[in-house]
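Report on the following structure.
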Amino acid sequence: MLAKTKENYKWYALSCTTLGALLSVLNSNTLLIALPVIARALHASLETIIWTLMIYMLAVTVMVPAIGRVADIIGRKKLYVSGFALFTVASLLCGLVQSGWQLVAARFIQSVGGSLMLANSTAIVTDAFPKGQLGRALGINSMVIGAGAVIGPILGGLLTSWHWRWIFFFNVPLGIIGTLWAAIQLREIIELPEGQRFDWLGTSLFTIGFTFILLALTFGDMVGWHTPWIVASLVGGSLLMLLFIYIENHVDQPMLDLSLFRQRLLAAAYASNLLNGIARGAVTFLLIFFFQGIWGIDPLWAGILLTPFALAMMFVAPVSGILSDRYGSRELSSLGLAVSAIGLYGLTRLQINTPMTVVILWMVIMGLGSGFFFSPNTNAIMGAVAAERRGIAAGTRTMMNNAGMVISIALGLAMTASSMTPEAMQGLFAGTQVGSQGIAVQEFMNGLHRAFWLSFIISIVAAVVALMRGPHEVYYQETGSGSNKA
C-alpha cells in the first residue's frame, strides 16, 4: 500500500533508509570477516586485500559531499533508488570475480552505489520527520545498523564456511527488494529552491585533491613516506584543497558550503565525528588480526566475538536518540565518547592470554559509548540546517566519519606492522601462521597496544571537542523555501 499521508510517509521513508543501512552494514561486516579467506582463495597479496577494503571507504569519503549537493539541487529519491540498484548489481559482480584486482574494481563500482545511498539516507529521514521526533527516528536507524553489525560477522562466518562468494551473492535479493521498495514508497516532499547550479570546478578540485591526500595517508607507511608518489600526492593534494577552499569562499553556490563549519554547533559535531572515526575505525580490523591470526579462531567464531560491540550499540542507540530530542546532544555525545575511551583503554591491556570474557567486556563498553554518541550527534547536525542544505550536511557528516576511519586503519596498520616483516604480516592476516608459529607475536602485540593507546587518547580529545558545541542546541526554523510539501 502506498503511503498517502505525511504521518504514514515518515515511517515508509524510514523503512527504506533502514533497509539500505542494513544492506550496507551487512556487506561491510561480512566482507571484513571473510578477508583472510578471500586472500587465500584468490592468492591475493596483503596490499591487494587492503585495497579491497579501502577502495570502498576512499571512494565514499570523496563522493558523498558532491552527491549530497546534487541531491539538494535535483532531489533525493532518484539518487537513492539508483544507488540501491547499482549497489545490488556491483554485489553480483563482486561474487563473480576471478582475481584480487577484479574484486577491487567491482568494489569501486559498489562504492558508487553506496555513496548514492549514504549521501541521501539521513536527509530523507530528516525531511520526513518533525524536529521533535528526529532523534527517535535516527535512533531506530542506528539500532538497525547495530543489528546489522551483530548479524554481519556471524553471517559472514557462516557464508564463508560455505563459500566466500556468497557474502556478495547474499546482497542481491535484499538489494532487489530494497530498490523496488524505495522506488515505490519514496517521494520528494521538500520544495527545493529553483535556479540552483552545480559547482563543477570546486567538485573537481575537491575530488582530485582529497583523493590524493587519502591515498598518501593510506599507503604512506606501506611504501615509505619518502616515496616520490607519496610526497607528490601529499603536496599536490594539499595545494588543490587550498585552492578548493578559496574557490568555495568566492562562488555563489559552492559544492561544500563552508559556512557549515563557522557555526559552533556544527563545527564541534563534525570535528567530534571525524575524531571518533579516527579513534575506533581500525579497532574491528585489528581485532580480526588478533582473533584469527594470534588466537587462531575460525571466521565464524571470530564473527561471533565481534558482536558484543554491536549488540550494546543496538540497545542504546534508540534510547540516546529519544533523549537527544528532549535534552539536546552536547552531554550525550560527550558522554558516549568518554565511555568509548574507557573501552579503548581496556584494549590497551590486551594480552595473548587475556580471558575472552574480559575482551567482550571492553567491547561492550565501547558499544555503549558509540550508541550514546551517534544518534545525538547526527540529530544535532541535521536539525541545525535548512531543508535545502540537508544533502550536503549529511554528506559532510559521512565524509568526516569515513575520512576518520580511513586515517584510523592507515595508522593502525602502520603501528602494528612497523616492527614486522611484510611476510610475517601477510601470514598473520591470511591465517597461515598463527600463535607463536612463524610470526613475531610480541612485536605485533606491542604495535597493537600502541594503536589502541592512540585511539584512547583521540577518543578523550573527541569527548572534549563534543562539549565545545555550547550548552544550547540550535535548530533551524523552516520559513519559505525548503518547506515541506506534505
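Cβ coordinates come from backbone N, Cα and C, glycine included.
Taken from TrEMBL, the feature domain 'Major facilitator superfamily (MFS) profile' covers 13-474.
Look at TrEMBL and you will find 12-37 (among others) tagged as transmembrane segment.
As annotated by TrEMBL, transmembrane segment applies to 49-67 (among others).
Summarising the annotation, TrEMBL assigns transmembrane segment to 79-98 (among others).
Per TrEMBL, transmembrane segment is recorded for 104-126 (among others).
For 198-217 (among others), the entry in TrEMBL reads transmembrane segment. Only residues 6 or more beyond the boundaries of the transmembrane segment (198-217), in the same chain, are considered here, and those with a CB under 8 A from a CB of the stretch are 58, 61-63, 65-66, 69-70, 73, 230, 233-234, 236-241, 243-244, 247-248, 251, 253-256, 403, 406-407, 410.
Per TrEMBL, transmembrane segment is recorded for 229-247 (among others). Sequence-distant contacts of the transmembrane segment (229-247) (same chain, at least 6 residues past either end, Cβ-Cβ under 8 Å): 199, 201-202, 205-206, 208-213, 215-216, 219-220, 223, 254, 256, 258.
Summarising the annotation, TrEMBL assigns transmembrane segment to 268-294 (among others).
Per TrEMBL, transmembrane segment is recorded for 300-323 (among others). Beyond its flanks by at least six residues, the transmembrane segment (300-323) meets 29, 33, 135-140, 142-143, 145-150, 152-158, 160-161, 284, 287-288, 291-292, 332, 336, 356, 359-360, 363-368, 370-376, 379 of its own chain at Cβ-Cβ distances under 8 Å.
Among the features that TrEMBL reports, transmembrane segment is placed at 335-352 (among others).
Distant neighbours of the transmembrane segment (358-387): 122-123, 125-127, 131, 134-135, 138-139, 141-142, 146, 190, 192, 260, 263, 265-266, 269-270, 272-273, 276, 280, 283, 305-306, 308-321, 323-325, 328-330, 332-333, 335-344, 346-347, 350, 393-394, 397, 459, 466, 469, 473-476, 478, 481-484; these residues of the same chain sit at least 6 beyond its ends, with a Cβ under 8 Å from one of its Cβ atoms. Annotated transmembrane segment per TrEMBL: 358-387 (among others), in sequence order.
Annotation source TrEMBL lists transmembrane segment at 399-420 (among others). Below 8 angstroms of C-beta separation, residues 50, 53-54, 57-58, 60-62, 64-65, 214, 217-222, 270-271, 273-283, 285-286, 289, 428, 439-440, 443-444, 446-448, 450-451, 454-455 of the same chain, each at least six residues beyond the ends of the transmembrane segment (399-420), sit close to that stretch.
Residues 264, 268-269, 271-272, 275-276, 278-280, 282-283, 286, 330-331, 333-335, 337-338, 340-341, 344-345, 347-348, 350, 369, 373, 377, 408, 411-412, 415-416 of the same chain sit 6 or more residues outside the transmembrane segment (451-468) yet have a Cβ under 8 Å from a Cβ within it. The transmembrane segment feature in TrEMBL is assigned to 451-468 (among others).
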Distal contacts, the transmembrane segment (12-37) - CB-CB under 8 A, six or more residues away: 3, 49, 52-53, 56, 80, 83-84, 87, 91, 110, 114, 117-118, 121-122, 124-125, 127-129, 137, 140-141, 144-145, 147-149, 151-153, 155-157, 159-160, 164, 167-168, 170-171, 174-175, 177-178, 181-182, 185-186, 284-285, 288, 292, 299, 302-303, 306, 429-431
Mean predicted confidence [pLDDT] for the domain 'Major facilitator superfamily (MFS) profile' (13-474): 85
Same-chain residues at least 6 beyond the ends of the transmembrane segment (335-352) whose Cβ lies under 8 Å from its Cβ atoms: 272, 275-276, 279-280, 283, 290, 294-295, 320, 358-359, 361-374, 376, 441, 445, 448-449, 452-453, 455-456, 459-460, 462-463, 466
Folded-back contacts onto the transmembrane segment (49-67), same chain, C-beta under 8 angstroms, at least six residues removed: 28, 31-32, 35, 38-39, 79, 100-101, 103-104, 107-108, 110-112, 114-116, 118-120, 203, 206-207, 210-211, 214-215, 218, 222, 255-256, 285, 391-392, 394-396, 398-399, 402-403, 405-406, 409, 413, 429
